[in-house]
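Q: First, the structure itself, so that you have it in front of you.
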Amino acid sequence: MKFTSIVALATSTTVTLLSVSVEAQSPVQGFTPVTGAHFGNVVRRMPVNEMADTRPDIYNMFILALTGMQYSKSETDSLSYYQISGIHGVPFIPWQETSVSSQDPSRGYCTHNSPLFATWHRPYLALMEQRLAKHAEFEASKFTGPEAARWRSAARNVRLPYWDWAASDLQSRQPRQLTDSTVSVRRAGPGGAPETVTIANPLREYRFTNSNLRAQYFRNQFQAATTTRRQPPSSALTSSNMGAVDTSMFRDYSSRRSQVFNLFTIPTFNEFSNTQRSANGTPNSWNSVESIHNIIHVNAGGQWGHMTAVAYSAFDPIFWLHHCNVDRLIAMYQAVYPDRGITPQPASGTFHRRVTQGSMDDLTTPLAPFRHANGNYFTSGDVVGVQSIWDLGYAYTEVPASYRGDPEGLSAFTSSRINALYAPSQTAAQKRSLGTKRSRREWVCHVTFDATEIEGSAEVQVYFDNKDAKKEPVKEQAHYGYGNSTMTNATLPAVDAHGHYVGACASFQDATTKHMMKMDITGAVFLSDALLEAGCESLDAQHVVPFLKKNLKYVVMKGGYEEVPLEKVTTLKVGISSSEVTFPAETTKLPIFGDFETHLDVTEKMLRGFTQIDLPLINSKPAEIVKEVIGAIGGIADGLVGGLLGGHKDKAQEVAPAAGQPETSYGPVAGAGKPADTYAPKPEAPKEVKAEEKPAPAPSAAPEASYGAAPAPVAPAAPAPKPEEKPAEQSPAPVAPVAEQPAPSSPVADKPAAPAATPCSTEVNNQSTTIHVTSYTTVCPDACTGTATPTVMPVAQY
């Protein structure tokens, strides 16, 4: 049986109707509908480290459930961990539905480079969470005696945790719950009596149990690997290098926070959700939640690990915590902008259907293979609204179900949480550049290329190069401390100890997947904080343009390791644009970008740089050319002064820091030498705030540490009535009640000012190679000395 969908395709001259014939795919008898983890309650998903530390009973049952799901069922069972993970990619077979000729057996069901990226993964996570809850319930049913009720109550609260890779406590590093080899749990022993045992940590890796399936469906290095690996030192996949993962993740921390914060300034859901290049989008909208998601995959997998390959990534347990955080950011955007939804966009092929030029994705496109109880597919229309997460049985601290029916209140509350969590802290240099203004110039490096030009996932890495510094051999610095001893002979041009790494954007795909059409993707790296940290005098064009013309560099790295010459990436276009950004005084409001200007004088002479002919790609006007006269005059003056003094000094000795400029700063300041490493003091923990029935937005007055001077504080909004969720029955032992209620936001004015930006040295050991990496961030972590002090945040009560 076939059905035909009619799609309207708008062109510059006509509107064409394309008839796309798709063969219907029926569910198998006894298929599993996606309902979410429901016990008649809505439960808050939380960071995995918070779950382990503050909800140990729930975490205990989550670990037991995940272990049971991974190993209690055969990998041939459609509800096993292997088969549900395999929906995303290999084994490229139907999941609980019939096989038909319109399916594409060269790829998995997952949707990328499409607005369906955001909506498809929501029922996928809900299915995994649904099965975990079932396993938790089963494990709890084994307990007998006085503790039985305690563990059954905890099991009803099991939801997927997430890994917030932009949070200030971990600064993008993996929490120990993802890296420890073993974990201690309380489980039912003989006769149901509780016993404490140590088991393999199911969040660190998944161990494949059916070698025949690997031999039949897996390819390349993954065929022989018996365990998922992160940043393995070689293609043999014999071990993971967790230190290398943390080094590469921390390297992107400052840039990643800027990318996450600026997600919520993107004007449309399509641009926010995915990497597909839209017609005439603004430079900040070349950033997307999918683009940020891509770089996490590459950082976690490295050159050979499972997370770097689309078809194999979902087998690594970190995938689920990573995507849970992506879903959280999507829910936050939906909460802030409830009226924005999916509009038709060129389709991306999946296992469910082959696509051709002119195929479109829209609100009605099936999110296969996920179905409702009546057998109908989920569509984006089912999950494009924020209320869909509550209907599936979960919420987030930033998107509480207590705001159901109050979209304006929810938008204000979520906006206040975004500002509290991700707004940039101010260094001394940033405060000087802003003065008393509530605005600043935001500089964006925006990137586009056809991802099909490069086999597999790849990064475009952006950095500043201090040409005045004495060059040192690249060698161990070639990969910024990835710790891969097998790659020390590779070369990476111009990146050495004097380079200032800024950030990256990435593609995410499989090297073996054949693409019939171009896949033009976008990404963006925000430069303003890095410019100030690297010694640029201000964010005015007269200072930034000469700085970037002298120091801006970018390089394409396949899998994060192997350099791809720019000459071979013919579709790559890298541009620099800027806009005046206004920061409202109310913390319930988000930044507002003004009109963009593209600075062609920075890139027009760079290989693959933006030129005049590339302006139609982006919604921006060409900026005025900055004439570099200040440097020339300064050079003449220096010569005259040197002559009058009867001698001449090194440049580093001639120039003193500007007034108020810290002695130690990020990179070159007016020609100064490389600073010595220093460490900032530990920030104070914010004051704890008592819980209310309904979280209120942060006070509307801006915090003292935000952009510019703040008006007098305004009292927070009055709490709303009690939420509709009902708590689960309480067990004798302390267990969190189910009703998901975040505590009110801590008044932002109580938030301590961030210490000055300082360098942080990280050591990564891998076999016989020891690499010292200098990264920069606005808050130096205690992890420099081996321990991390989490930022204390109000904990929402169940």
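Each residue, glycine too, has its Cβ placed from N, Cα and C.
According to TrEMBL, the record shows the following:
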type     : residues : note
COMPBIAS : 684-695  : compositional bias 'Basic and acidic residues'
COMPBIAS : 699-712  : compositional bias 'Low complexity'
COMPBIAS : 729-749  : compositional bias 'Low complexity'
DOMAIN   : 316-327  : domain 'Tyrosinase copper-binding'
REGION   : 176-197  : region 'Disordered'
REGION   : 653-766  : region 'Disordered'
SIGNAL   : 1-24     : signal peptide
Q: Would you mind giving the whole-number mean pLDDT across the domain 'Tyrosinase copper-binding' (316-327)?
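A: Averaged over the domain 'Tyrosinase copper-binding' (316-327), per-residue pLDDT gives 98.
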Q: With DSSP helix as H/G/I and strand as E/B, how many residues of the region 'Disordered' (176-197) fall in helix, strand and coil?
A: 6 helix, 11 strand, 5 coil
Q: Using DSSP, what's the helix, strand and coil tally for the domain 'Tyrosinase copper-binding' (316-327)?
A: 10 helix, 0 strand, 2 coil
